[in-house]
Amino acid sequence: MEAKPTLLINRSFINLLEIEEEAQKVLPRMIFDYYSSGSESRSTLVANLKAFAQFKLTPRVLRNVSNINMATEILGISSSFPVMVAPMAMQRMAHPDGEVASAQACKRAGIPFILSTMSNSSIEEVASSGHPSLLFQLYVIRNREVVAGWVKRAQTLGFRALVITVDAPYLGRREADERNRFCMPSHLRLKILESLYVVTQNAAVLEQNKKSLDNSKGSGLSALFRSELDSTLDWDIIPWLRTVTSLPIILKGVMSPLDAQRAMSCGVNAIVVSNHGGRQLDHAPTSLDVLPAVLEAVQGRIPVIVDGGIRRGTDVLKALALGASAVLLGRPVLYGLALDGEHGVARVLNILKQEFKLAMALTGCSKLSDISPDLIFNPKLTSHL
Ligand SMILES: Cc1cc2nc3c(=O)[nH]c(=O)nc-3n(C[C@H](O)[C@H](O)[C@H](O)COP(=O)(O)O)c2cc1C
C-alpha cells in the first residue's frame, strides 16, 4: 500500500509540476488521491492553481542584480527564502521516513518546517532532526489536557511557534476519499494523536478510531475528525493557549478581514490566509482574492502569510508583491517525498528557490524589500505614462 521510493537522484525534474506527474505514477491511487484531493466540486482547489496566473509581473531593467539576498525572518524564525513547508498529515504514506525526512530537507534548505498534529512521526522524532526552525500545527481536540501536553512538549523540544488551524471544525467532504474508502495503511500510526488514548486510557476509543482509519463506509479520516475535533472551538482558545505556552501563535485558515481584526485583538502574532489547499469549504475564495482586504485590516501590525497553489518561484514573488510576508508550500513537498524521501523534498525546495531567485533578478529586485506592489502589472497605470 505504501509508495515504493524510486531514485530521483539521476533524474532531473525541471519543475514542481513534473514532480507531481511522476509522484502520481509511484503512489498508490488511494494515497495520491488523498494528497491531491479537494473538497466537493474541487472548485476552490482549481481556483487556487489559477489564481496566480491572473497576475502579470513587470520586468525591471538595469538594476544590478548580481547579488540577490532572499533571506527573511518571521517572528524571529529565519528562512533562507520566504517559504515555509505547510503542515500536512500522514507523510509516511509517501515515504517511510515521512515527516522526519521533510524536516531534514527543510533544515538543509534553511527553511521552517511545520509539523502537523496528524503526523505519522512523533514530536520527539521530528525534533531530533535538529532543525532550529520547527513549528507545531495544532488541531484542537476536545481533551484540553492532551492539547496542553502537546504544546508543552513542542515548546520544551525547541519548536518556535504554534500554528493553530481554525478552518477545520469538521473535515471538508473529499469525495475521492469517500469513493476510495480512504484509510491509513495499517502499519502506520498517528503518533501525536495517539497520546490521547494513553492519557485517557480509553482502549475502547482507541479501538473505535483505529477502525475509523482502518476502514469505514466513507473516509476514515472524516470519521476520526468527527469523533475527536472540538467543533465548539471559539476565540476563547487564544487566551487559554496563552496560559499554556509563551510561544508565538499563528492562526491558519483566516479568510475574512473581520476575523483578521479579531485575531489581532486576541493578540495573535501572525495569520495564514488559507483555504486549506481547497480541502475545506468548497467555493471559498482563493488566498489572493482576500489578501488585499486582509492586509487592509491588519495594517502591517502582524505578518500575513498565504498558501494554496504555490507551484512556481513567480508565484512566491507575486504573493510578496501583493503584500504577503511569506508563503507556505503544500503538496509539492509530499510529491518530492514520495519520489525520493529527503532528497526529493530537497529537490522541490531547491527548484522553487532557484525559480524565485531568477524571478527576483528579472524584476530587478536584489533584496526582499525591493519587492513592491508596482511589480504587479497594471494596464491602467501603463496607459497613463
Ligand atoms: C495531504 C494534505 C494534508 C494536509 N494536512 C493538514 C494538516 O494536518 N493541518 C493543516 O493545518 N493543514 C493541512 N493541510 C493544508 C496545508 O497545510 C496547506 O494549507 C495547503 O496544502 C496549501 O495548498 P497547496 O497544497 O496547494 O500548496 C493539508 C494539505 C494536504 C494536501
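First residue shown is number 1, and so on along the chain.
Glycine too: its Cβ is placed from the backbone N, Cα and C atoms.
Bear in mind that TrEMBL entries carry predicted annotations, made automatically and left uncurated.
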Residue from Arg174, Arg179, Arg181 that TrEMBL also lists as binding glyoxylate with Tyr34, Tyr139, His276, Arg279: Arg174
Under 8 Å by Cβ from Gln137 (FMN binding site), counting only residues of that chain that are 6 or more apart: Pro87, Ile114, Leu115, Ser116, Thr117, Leu162, Val163, Ile164, Thr165, Lys252
Cα proximity to Tyr34 (glyoxylate binding site), best match among recorded positions His276, Asp307, Gly309, Arg311, Arg331: Arg331
Residue among the binding-site residues Pro87, Gly309 whose Cβ has the most other Cβ atoms within 10 Å: Gly309
CB contacts for Arg331 (FMN binding site) [other CB atoms within 10 A, all chains]: 20
Binding-site residues near Asp307 (FMN binding site) (Cα-Cα within 10 Å), from Tyr139, Arg174, Arg279: none
Cβ packing number for Arg279 (glyoxylate binding site), 10 Å threshold: 23
Protein Cβ atoms within 10 Å of Lys252 (FMN binding site), excluding its own: 25
